[in-house]
Every structure is written in C-alpha cells, then in structure tokens.
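K.L.:
Below you will find the structure I want to go over with you.
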Amino acid sequence: MFRGFLVKTISFVGYTVQYGCIAHCAFEYVGEFVSCSGPSMEPTITNHDVVFSERVSRNLCRIQKGDIVIAKSPFDPKMNICKRVMGLEGDKVCTSGPSDIFKTHTYVPRGHVWLEGDNLRNSTDSRSYGPIPYALIRGRVCLKMWPPHSFGVLAESPNDGRIL
C-alpha cells in the first residue's frame, strides 16, 4: 500500500515538474498574457485590458516602429510598461511634449529604442526617461484578449488614434 502511494506521488511530482518546465519555456520564449493598467496607451489599450505579448519578434530582433511592446521599467525592474515604439537605433525623434512651443530632437543610440504612450499628455515614457535598451523589451503586443468586445489583432498604427 505504501509503495503504491509512493509511486503515485513520485509520478505526480515528475509530471508536475515536466509541465512546469513546459509552461516556463512557453511563457519565456513564446508569449504571455499581460493585464495593462494606467491611461498611457488610451485609446488603443485601456485600463485593465488583457493583451497577449509574443516574444518571438523580440528574440529575432524584429521589433519595428509602430509596434506596441511590453518592457521592463527603466526605474523599477519589478514593473512592466506598455508603450509604442516610436524610434529605433539611429532614428531622429522629438523629445518635446505635445504642448511645448520649442521642439527638441535627439537620436536614438545604438541598441536602444524610443517608447511613447498613445496618450501623450498622460504618459511617462522616453520623453521622461530617455531611450531604453533593447534588452528591456519583453515582447510585442499582438492581440487584445479582454474585454471580449475589443478582442482582435492590434495593427501597426504609430500615429492613428493617439491623443495629443
């Protein structure tokens, strides 16, 4: 009786570890579901929307201008941010806010990207903390999963729908 219990327990632990490893690899290399909070990406992504962030594009260095990405915050590595890529390395980007009279520009350094929220007046982004290293990008948002009425593919639209 004890032997049967021991075999079942060891088998259960083995399957749990096996499926845990599969889940870890899926979340680390394929993608993950992310709940977004805050107004910085409105109207594209609103507070408490759930999106799917795929990691294949990031791992293959296929992030492009206009893509929405999930990245580690440059201020707090425990926090993720959701922003739109507005500039890649070598691009000239505007560093001014939407209400600034005098516009200033800079170039995105090698190995970095320039991120901005779609809601420019209510977004802490690269205009505040500068370009972020490409390595901080966790994945590219490709699907809006929740709420159900807004389910669908997020198309590339770097200027459409932005609140200035």
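Backbone N, Cα and C define each Cβ position, glycine as well.
TrEMBL lists these features:
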- Ser40: active site (ACT_SITE)
- Lys83: active site (ACT_SITE)
- 13-96: domain 'Peptidase S26' (DOMAIN)
- 103-146: domain 'Peptidase S26' (DOMAIN)
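So that I understand the layout, could you describe where these features sit and how close they are to other parts?
P.N.:
Using a 10 Å radius centred on the Cβ of Ser40 (active site) and all shown protein chains, the other Cβ atoms total 24.
Sequence-distant contacts of Lys83 (active site), defined by Cβ-Cβ distance under 8 angstroms and a gap of at least six in the same chain, are Ser40, Met41, Ile68, Val69, Ala71, Leu115, Glu116, Gly117, Ser123, Asp125, Ser126.
For the domain 'Peptidase S26' (103-146), the DSSP-based tally of helix, strand and coil residues reads 10 helix, 21 strand, 13 coil.
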